[in-house]
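S.K.: Provided herewith is a single structure, encoded as structure tokens, for subsequent inquiry.
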Amino acid sequence: MGVFRFISISLAAVSAANAAQILSMPHAQTVPNSYIVMMKDDTSDDDFNHHQSWLQSTHTHNITRRATIQNAGMRHKYNFSKMKGYSGIFDEETIKDIAKDPKVMFVEPDTIISVHGKVEQSNVPSWGLARISNPQPGAGSYIYDSSAGEGITVYSVDTGVDVNHEDFEGRAIWGSNQVNDGDDRDGSGHGTHTSGTMVGKEFGIAKKAKLVAVKVLGNDGSGPTSGIVAGINWSVEHARQNGGTKKAVMNMSLGGSSSSALNRAAAQAVEQGMFLSVAAGNDNQDAQSSSPASEPSVCTVGSSAEDDSRSSFSNWGPAIDLFAPGSNIISARPGGGSQSMSGTSMAAPHVAGLAAYLMALEGISGGAVCDRLKELGTSSITDAGPGTPTNVLINNGGAKGGKPNPNPAPSPSPSPSQPSEPQQPTPSQPGQPGEPFPGEPQQPTPSQPGQPGEPFPGEPFPGEPFPGEPFPGESFPGESFPGESAPAPAPMPPSPQHPHTPYPGGDNFDFDGLWKKYFGGEHWRKMFSSFWN
């Protein structure tokens with residue numbers, strides 16, 4: 001009995017000494033009792049399964065004793081190739097128990113992430129497309145190679161997308177809803193706008209790329225970090241099973257307080273071959289203080305205005321990789337037609353679209369894409385901001401007279417019905433959320449969301465000529481974004497709430513394995529050398 005007591009006391013002392021850090025987020029808006037748990041890099045699948053089984057038992061025991069939290073339990077499970085973790089609603093005692101597991105790297109409070117854009121007036125001139133294919137501002141045409149991103153898939157990790165919008169021509173599908181609100185549509189308009197800039201026929205850069213909508217933010221433009229990490233994980237797995245991560249681009253026009261969990265998830269996506277374009281933020285401050293913009297491996301994008309100055313709202317600093325048009329950008333809106341929005345949210349999809357364009361044209365992927373964008377860009381930005389290491393504005397190569405433009409497909413010549421610059425589309429009947437397109441039986445619907453491994457809809461798009469008539473002035477009621485005002489949103493029908501389902505549990509920890517890890521000399525070396533890796 002004495003020996004057992006000694007062992008128990010020793011284990012408790014070692015566990016307390018080596019407990020994972022429970023991070024503090026004093027300046028962030030946190031989700032009550034919601035946490036993200038990240039495991040150490042060397043955690044095996046068996047270790048992770050044992051931890052989940054133990055967690056189920058421990059959590060059930062704690063809740064049975066106290067029963068102070070509603071809807072508690074695991075929400076999301078993350079399983080990248082080199083990063084495992086989960087999120088959920090837990091009481092304080094359960095979180096302390098979780099932190100004692102030597103396989104846990106850190107525990108982070110779940111915080112609120114928001115879009116980086118705002119709705120402004122309609123019918124301003126469209127200039128972003130022309131700017132990225134010409135050496136000087138003020139050009140009137142967008143010149144591009146006819147490959148136009150064909151064979152590349154773009155993941156819109158955002159508020160959802162109106163996949164039925166005419167500008168997507170059947171190349172957009174609904175992928176996943178990590179908000180779990182039962183509302184498979186874009187009730188904000190933000191995700192549809194950013195997607196139009198990336199792949200739209202009229203407004204887009206990569207006009208032949210495919211698009212997958214991954215909803216991680218609600219109709220108010222905000223959502224928890226845990227759901228965004230889940231959206232990244234889903235996108236990586238879907239890309240792996242549908243053409244490969246090296247033919248995939250992810251756009252994240254969102255951000256919030258610095259989050260180790262979100263940065264690690266973004267880094268994992270890049271490590272597995274995806275290109276990530278991330279908005280720098282709209283606070284006119286150092287982007288290093290926000291996530292995922294502060295993650296070094298992503299391509300962090302600041303916003304430029306029509307005169308090549310840094311947009312007054314754009315964040316700056318060492319995290320910035322590139323600038324792209326972000327002020328007064330016209331793109332698609334849910335239900336048909338278009339609207340104008342400003343923000344680094346509008347700049348990031350210019351980079352994502354151009355990345356897809358270059359990946360198709362030059363066969364590059366991953367980190368090489370951001371480097372190539374820097375090579376092709378022009379040193380045009382004035383007042384890039386304190387500590388910003390670059391003043392490069394993106395360009396598709398037309399500004400330097402070489403690649404990528406071996407077989408240009410110029411915008412049509414001006415005529416009374418076919419203007420040379422991209423114009424707003426003629427109004428049409430609003431698409432119904434989730435309604436399948438003709439000839440595309442594989443497209444998921446709200447009641448049948450796409451799953452990783454599901455094939456894309458048919459390759460060719462209809463190719464019908466798009467009317468060149470300018471869209472008459474129409475004011476679109478937009479969403480209100482943090483720190484900014486906008487007209488009241490259009491009324492939306494209520495949607496039911498669907499709570500997350502906890503993952504089931506199983507066996508307890510292996511005591512012999514724990515003993516070896518606690519008292520084996522190799523444990524100490526590994527713990528201190530890998531804690532922050």
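Cβ atoms here come from the backbone N, Cα and C positions, even for glycine.
Sharing the record's features from Swiss-Prot:
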- 1-19: signal peptide (SIGNAL)
- 34-115: domain 'Inhibitor I9' (DOMAIN)
- 126-400: domain 'Peptidase S8' (DOMAIN)
- D158: active site, charge relay system (ACT_SITE)
- 175-198: region 'Disordered' (REGION)
- H190: active site, charge relay system (ACT_SITE)
- N233: N-linked glycosylation site (CARBOHYD)
- N251: N-linked glycosylation site (CARBOHYD)
- 282-312: region 'Disordered' (REGION)
- 282-294: compositional bias 'Polar residues' (COMPBIAS)
- S345: active site, charge relay system (ACT_SITE)
- 378-512: region 'Disordered' (REGION)
- 378-394: compositional bias 'Polar residues' (COMPBIAS)
- 405-470: compositional bias 'Pro residues' (COMPBIAS)
- 471-487: compositional bias 'Low complexity' (COMPBIAS)
- 488-502: compositional bias 'Pro residues' (COMPBIAS)
S.K.: Provide, as an integer number of angstrom, the distance between the C-alpha atoms of D158 (active site, charge relay system) and S345 (active site, charge relay system).
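M.R.: On Cα coordinates alone, these residues lie 10 Å apart.
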S.K.: At a C-beta cut-off of under 8 Å, are there same-chain residues at least 6 beyond the region 'Disordered' (282-312) that contact it? List them, or none.
M.R.: 116-118, 127, 131, 137, 225, 252, 255-259, 262-263, 265-267, 270-271, 275-276, 318-328, 342-348, 350-351, 355, 367, 369-370, 373, 380-388, 393, 481, 483-484
S.K.: What does DSSP give as the helix, strand and coil breakdown of the region 'Disordered' (175-198)?
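M.R.: Breakdown, helix to coil: 9 helix, 3 strand, 12 coil.
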S.K.: In terms of DSSP three-state secondary structure, what is the assignment for N251 (N-linked glycosylation site)?
M.R.: strand
S.K.: If you measure from the Cα of N251 (N-linked glycosylation site), which of the recorded positions H190, N233, S345 is the nearest?
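M.R.: Nearest candidate: S345.
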S.K.: Mean pLDDT for the domain 'Peptidase S8' (126-400), rounded to an integer?
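M.R.: For the domain 'Peptidase S8' (126-400), the model's average pLDDT rounds to 94.
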S.K.: Taking helix as H, G and I and strand as E and B in DSSP, count the residues of the domain 'Inhibitor I9' (34-115) in helix, strand and coil.
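M.R.: Going by DSSP assignments, the domain 'Inhibitor I9' (34-115) contains 30 helix, 31 strand, 21 coil.
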S.K.: Across the compositional bias 'Polar residues' (378-394), what are the DSSP residue counts per state (helix, strand, coil)?
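M.R.: Summed over the compositional bias 'Polar residues' (378-394), the classes give 0 helix, 5 strand, 12 coil.
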